[in-house]
Amino acid sequence: MLHVTPGGSHGGKRTSVRGRCASVAVEMDPAWASGLTAAVLGGGALLFLVKRRSEQQRARDKVQAARRRRDASLRRAEEAVRRFQETVSPERSPRTPEPFLTSRLDPAAASAEVLSLSPAELAAQCRDGALSPRRVLHVYMEKALEVQEKLNCCTDFLMESQQQLAQLEGQRDGLLYGVPVSIKDSLGYTGHDSSCGVICKLEDPAAEDSVVVKVLKRQGAIPFMKTNIPQGLLNYDCSNPIYGLTLNPQNPQKTPGGSSGGEGALIGGGGSILGLGTDIGGSIRIPASFCGICGFKPTSNRISMRGLSSCCPGQKSVGTSIGPMARDVDSLALCMKALLCENMFVLDPTVPPIPFNEQVYLSTKRLRIGYYENDGMQQPSPSMSRALRDTKDLLERAGHTVCMMSQDTFYLNPPLSKIHGWMFPHILFKLLKGGPIDPCLKGQTVPYGLPWLVKKVLSVLLKPIVLLTLNLLVLILQNYIHEVVSEWRRLELDVMLCPMLGPAYNHTYAGKLTCALPNTTIYNLLNFPAGAVPVSTVTAEDEANLNHYKGNFQDYWDKVFVKAVRGAEGLPVAVQCVALPWQDELCLRFMREVEQLVREKNQI
């Protein structure tokens with residue numbers, strides 16, 4: 001209640017406005033003031049809740065719209081396949097059918113023949129007229145739809161591929177003429193989102209194709225599908241709140257890996273013959289290992305990055321690489337040769353104009369190979385250790401020299417091994433804000449969910465320490481690279497054989513085992529080209545040996561690792577092949593050597 005003097009004056013003098021306000025404030029009833037304060041605070045809380053509810057609703061609407069767009073693209077793809085099948089049915093077949101297809105009166109057998117060809121064989125058959133790009137595309141569309149239904153590996157069908165067919169006649173000299181190609185969600189394609197699995201990047205379609213997509217089209221390839229990724233791309237599982245969980249083609253209880261997990265699942269399931277992924281910590285190699293295919297991470301900046309979407313743009317500590325994924329190493333090499341062309345060097349002058357060196361790739365000279373079984377961080381699984389030793393023995397019997405390397409050579413001290421985790425947590429959290437966090441990522445984002453005031457205080461206190469630490473880590477990394485290269489030179493190595501992460505994890509364990517990433521991350525830090533090649537499968541004995549697995553530290557994480565890989569009998573096991581920076585062709589040549597030796601052994 002207010003008590004104000006009538007007339008607005010006191011003692012015969014006029015009171016100023018400021019004086020009257022002060023008088024009102026002084027004479028305000030305490031109970032009324034408390035009520036006013038409560039009303040203001042309540043109104044603020046209500047506004048906050050309304051705003052938050054509105055943001056959540058907008059996020060749900062964007063997710064539903066994205067799912068509807070994907071479903072519509074799948075329906076259009078199904079319709080396109082149906083129309084194609086009607087035109088090539090036996091009753092309506094052309095008088096001069098494609099000569100390659102010996103089983104052209106049996107659609108299933110004809111499709112199987114197409115699916116059995118390598119990219120090089122497909123391109124040759126299309127150039128010669130034995131196959132039409134139209135048939136090849138629709139065969140792979142049909143197979144991709146089948147794989148998508150089982151594994152949920154697609155974020156978008158690129159129906160522009162239908163229009164591209166009409167433009168292919170003038171590109172018969174392209175190395176990938178008529179070859180359908182899948183691309184990771186984060187690679188830009190005109191008119192389509194590159195969501196990176198986060199809601200804030202939806203409804204922001206690319207204005208133009210990424211450089212690699214332009215080059216693929218110039219080489220006659222037909223991009224036809226974008227594939228699923230983990231939320232934010234900073235995880236090696238494959239699930240996000242927009243498009244859901246992708247399953248492993250070998251075992252649906254297992255993850256296909258990440259972040260190029262949709263590519264690994266689609267190619268491993270037979271729905272694509274060649275795909276492009278990205279790798280900043282193993283994101284090509286891990287899905288290749290988990291899904292039983294081949295994957296190659298080139299030297300960073302060997303392939304143009306223009307048009308690539310990212311959740312951590314601008315970071316320079318660890319280089320990202322775009323690289324191929326396929327069923328065999330020759331297909332990886334063909335893709336690299338197609339990309340490393342004059343067209344790419346013109347479109348992106350920041351890429352060194354170094355064409356593919358086929359002479360190095362096809363060389364048969366004996367190699368001097370470095371080798372280690374344990375990096376000192378994560379002890380390999382029993383199946384991985386066995387497969388690695390078996391591969392080493394095959395190489396030695398083939399006449400190559402294998403040099404044992406000290407575990408200390410590649411050991412990452414704990415601060416350096418966590419450089420990925422320290423890079424951009426704040427940026428990632430901002431991107432995840434306003435929407436649900438995927439279950440696989442929750443373990444990594446718990447600290448980001450602290451109350452705002454707590455985070456603000458911590459950021460003020462820790463910012464100078466973190467900046468100093470990151471600068472120190474960069475110096476440590478530079479010295480580390482120098483030490484590794486010096487040891488490599490001292491041993492006069494050509495290439496190196498080492499463990500991969502695997503076999504495939506059970507779902508959600510990737511988010512709990514970031515400590516296992518140095519196995520692959522180390523070669524991103526060093527900027528060494530590296531690839532994964534499947535060499536074996538998990539045996540019953542390997543599974544039994546998990547009961548005796550202790551790990552390097554006998555700690556909680558070693559116990560979690562056993563739970564992650566358990567139940568993998570019959571799943572593929574890969575090894576990792578590595579070379580020095582810019583020796584990409586030599587790395588691929590080594591991968592091909594391993595692949596051929598394993599193939600010959602299995603044929604005996």
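Cβ coordinates are placed from backbone N, Cα and C, and glycine is handled just like the others.
Automated prediction, rather than curation, is the source of TrEMBL annotations.
The active site, charge relay system feature in TrEMBL is assigned to Lys184 (among others).
Of all Cβ atoms in the shown protein chains, 33 besides its own fall within 10 Å of the Cβ of Ser259 (active site, charge relay system). Annotation comment: TrEMBL describes Ser259 (among others) as active site, charge relay system.
On its own chain, Ser283 (active site, acyl-ester intermediate) has Leu233, Tyr236, Gly258, Ser259, Ser260, Gly277 as residues at least 6 apart in sequence with a Cβ closer than 8 Å to its own Cβ. TrEMBL lists Ser283 with the feature active site, acyl-ester intermediate.
TrEMBL lists Leu233, Ser259, Ile280, Gly281, Gly282, Ser283 with the feature substrate binding site.
Feature annotation from TrEMBL assigns domain 'Amidase' to 136-588. If you take every residue in the domain 'Amidase' (136-588) and average the pLDDT, you get 90.
If you look up TrEMBL, you'll see 81-100 marked as region 'Disordered'.
Local packing around the binding-site residues Gly281, Gly282 was summarised as the count of other Cβ atoms within 10 Å of each Cβ; on this measure the leading residue is Gly282. Rounded to the nearest whole angstrom, the C-alpha distance between Ile280 (substrate binding site) and Lys184 (active site, charge relay system) is 14.
Taking the C-alpha positions, the distance from Gly282 (substrate binding site) to Lys184 (active site, charge relay system) comes to 14 Å. Per the record's binding annotation for substrate, residues Leu233, Ser259, Ile280, Gly281, Gly282, Ser283 show a top Cα-Cα distance of 11 Å.
Of all the binding-site residues listed (Leu233, Ile280), Leu233 sits in the most crowded Cβ setting, with the most other Cβ atoms within 10 Å. Other Cβ atoms within 10 Å of the Cβ of Lys184 (active site, charge relay system), summed over all protein chains shown, number 29. A gap of 16 Å separates the Cα atoms of Lys184 (active site, charge relay system) and Gly281 (substrate binding site).
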